[in-house]
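All remarks here apply to the structure that follows.
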Amino acid sequence: MNSQLLFDDLAQRGLIAQTTDLEQLIALFRQPQTLYCGFDPTAGSLHIGHLVPLIMLKRFQDAGHQGIALIGGATGMIGDPSFKASERSLNSAETVAAWVNALATQIQQLMTPHLTQPLVMVNNADWMQSIGVIAFFRDIGKHFSVNAMIQRESVKQRLARPDQGISFTEFSYSLLQSYDFAQLNQTHQCALQIGGNDQWGNIVSGIDLTRRLNGTTVHGLTLPLITKSDGTKFGKTEGGAIWLDAAKTSPYMFYQFWLNCDDADVYRFLRYYTFLSVEQIEQIEATDKAQVGKPSAQRILAEEMTRFVHGHAGLESAQRISQALFSGQLNQLNLAELKQLEQDGLPCRQLAHVSDVVTLLLETGLASSKRQAREWLENGAIRINGERWNEQTLAQTFALYDQYYIVQRGKKQFAMVKLAQV
């Protein structure tokens, strides 16, 4: 892809928050270049907040450049204080090392199928652990002005809170990230660092340190922080983060998350997250606005993102579960799909045995009293495993795979019961 076309596309998608000299950057990227993005290990899985920078690396690779994914085995031991209200809890070296391995594996498994050339994977612990304290302060620390560092908005916010402040440990984080850029520039000729807009101060420090240590000019580009139209952070639900690991967030729940995006956000998210062209997205929006009924944008977004993260099989599974719940054909689900619902798709209770339906409705919270439970049954409002139910008894042989009952009240209230295995 032509360099100008690449940056024009990023701008049209709203993916450029801040950048160093844009004309210089466009000129530089007329030739193949190397860029990187860092990912600190704060858990054993990435979440959807990491998707935009990972997808950004792919956008550059599709244009003929080389992306580097840096896992912060060293910086993850410290914790980035940028715009955090309080000090991060420090994790043990063993925990961080396990997370580093998990993230590296996850990034490779997620991204490699979508790339003609895999991302280069690096761990900043590989170079940081060999630097002595004295050498670090002499060779790197001397290039940083405390006066300038305390003027950063992210630091000023913490200093303004006497109940929190900022420790020397977190205050020094910027030095470590800056040295990463200088190191990658020296070893991989890396010319650009990308990151969230909260990383702008750290990126600028890295640009300055690289110039001082290596005598080269490098660049930075930040992505917008993803928020919903109401100003709240995107990517969290009442149940917590939306993880990319299927064992933490099932493909079904992942699919449903995107399917439930607000109309005010969905077209912006199609630009951020998908590889549909801007023209295609504009056409989707125009079609949705012209027709009466549910817009197609949420379905398209959910399909694109679930396919990208969980593959065709994950998408098809999520769609089968969604269709089965809608149609009542729950006996069409396989055991793995029922386990997805057990994991996070439906409220699930584990019971030793089930024979009394009134008790079942009380246990699942679908009825608040025995009287109400009987009324629901008499009125035909209850379905069990897709079948309308008005009896007060239930045989275990009716359980799906001898384990599961999916109980439905009305059109939208669902609960699941798993029979405890003897």
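Even glycines carry a Cβ here, placed using N, Cα and C.
Of all ranges given (41-50, 151-160, 311-320, 341-350), Swiss-Prot attaches the label motif ''HIGH' region' to 41-50.
Looking at 58-62, 183-187, 233-237, the stretch flagged in Swiss-Prot as motif ''KMSKS' region' turns out to be 233-237. Remark: Gln177 (L-tyrosine binding site) has Gly38, Thr75, Asp80, Gln199, Asn202, Ser205, Gly206 as non-local neighbours, by Cβ distance under 8 Å and separation of at least 6 in sequence. Model confidence over the motif ''KMSKS' region' (233-237) is summarised by a mean pLDDT of 77. Cβ neighbour count for Tyr173 (L-tyrosine binding site): 21 (other Cβ atoms within 10 Å of its Cβ, all protein chains included). Packing around Tyr36 (L-tyrosine binding site) is summarised by its Cβ count: 24 other Cβ atoms lie within 10 angstroms of its Cβ, all protein chains included. DSSP places the residues of the motif ''HIGH' region' (41-50) in helix, strand and coil in these numbers: 3 helix, 1 strand, 6 coil. Across the residues annotated as binding L-tyrosine (Tyr36, Tyr173, Gln177), the widest Cα-Cα separation comes to 18 Å.
The residues of the motif ''KMSKS' region' (233-237), classed with DSSP into helix (H, G, I), strand (E, B) and coil, number 0 helix, 3 strand, 2 coil.
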